[in-house]
Amino acid sequence: METASITFITGGVRSGKSSFAERVALNKAMEIGGALHYIATSESFDGEMKERIALHRKDRNESGSSWKTWEQATNIGSVAFQFHENDVLLLDCLTTLLSNELFAHELDKSKPLLHKEEVFHHIWTGIKMLANNCNHLVLVSNEVLSDPIPQNEQMMSYCQLLGNLHKQITSIAKQAYVVEAGIPLLMKEG
C-alpha cells in the first residue's frame, strides 16, 4: 500500500486547530468515501481535561458523521493494522503523545525509561505505520516552540524532540497549517 497523504496542523492551545482538523478529516472522508477514525492521545487526569475530552466527543457526535475513536495515549503504532486503505485518521495530539511517551516512566515505574532518541524513533515509526495503513492522516500538534524554552533539561529535551518531529512530519506532509485565533493559515501545499 502507498503511504497516505498527510495534513499537519499546529497552533496555540485552544486556537481552533482540533475543530479545523476534524473538518479537514471529514471533508477528506466524504471525498473518498472512507471511514473516519479519531486517535485520541489524551488521558483524563483532571476535571479540565475531562471537560475538553467531552467537548471534542460532542463535536464529533454532532458532525453528522460516524467517528470510530481509539484511545491511544502511547504506542500509536500498535493500532495501525486496524485501518484500511480508504480510512481517514485524525491523531490529536502529537504534543500530548510526546509527553506521554517521554514521561511515561515517571508516571508508571514499571514502564521503561527511554532516551530521547528512542522516544523520537518510537513516535516517528508509529506515525509511518499509521500513514502506511490509511488513505489520509491528519496530525494535530501544539505550537509551543515560539515561547521561551524553560531552562531545565527535561523541558529542553521535550522542545527539541517536538521541533524535530514537526520538521520530520512537515517534510513529508502534503499540507501544513498553523491555526491562529480560529483561522487556518496554509504554510505548505504539495
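Any Cβ shown, glycine's included, is placed from N, Cα and C.
TrEMBL has this to say about the protein:
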ACT_SITE  His56  active site, GMP-histidine intermediate
BINDING   11-18, 40-42, 57-60, Glu71, Asp92  GTP binding site
DSSP on Lys17 (GTP binding site), three-state: which is it?
helix
Once the chains shown are all counted, how many other Cβ atoms turn up within 10 Å of the Cβ of Gly11 (GTP binding site)?
24
Given a 10 Å Cβ-Cβ cut-off, pick out the one of the binding-site residues Arg14, Lys17, Lys58 that has the most other Cβ atoms nearby.
Lys17
Cβ contacts of Glu71 (GTP binding site) (under 8 Å, same chain, 6 or more positions away):
Ala40, Glu43
Those residues of the chain, 6+ apart, with a Cβ under 8 Å from that of Thr41 (GTP binding site):
Gln72, Ala73, Ile76, Leu91, Asp92, Cys93, Leu94, Thr96, Leu97, Asn100
In DSSP terms, helix, strand or coil for Thr41 (GTP binding site)?
coil
How would DSSP class Lys58 (GTP binding site) in three states?
helix
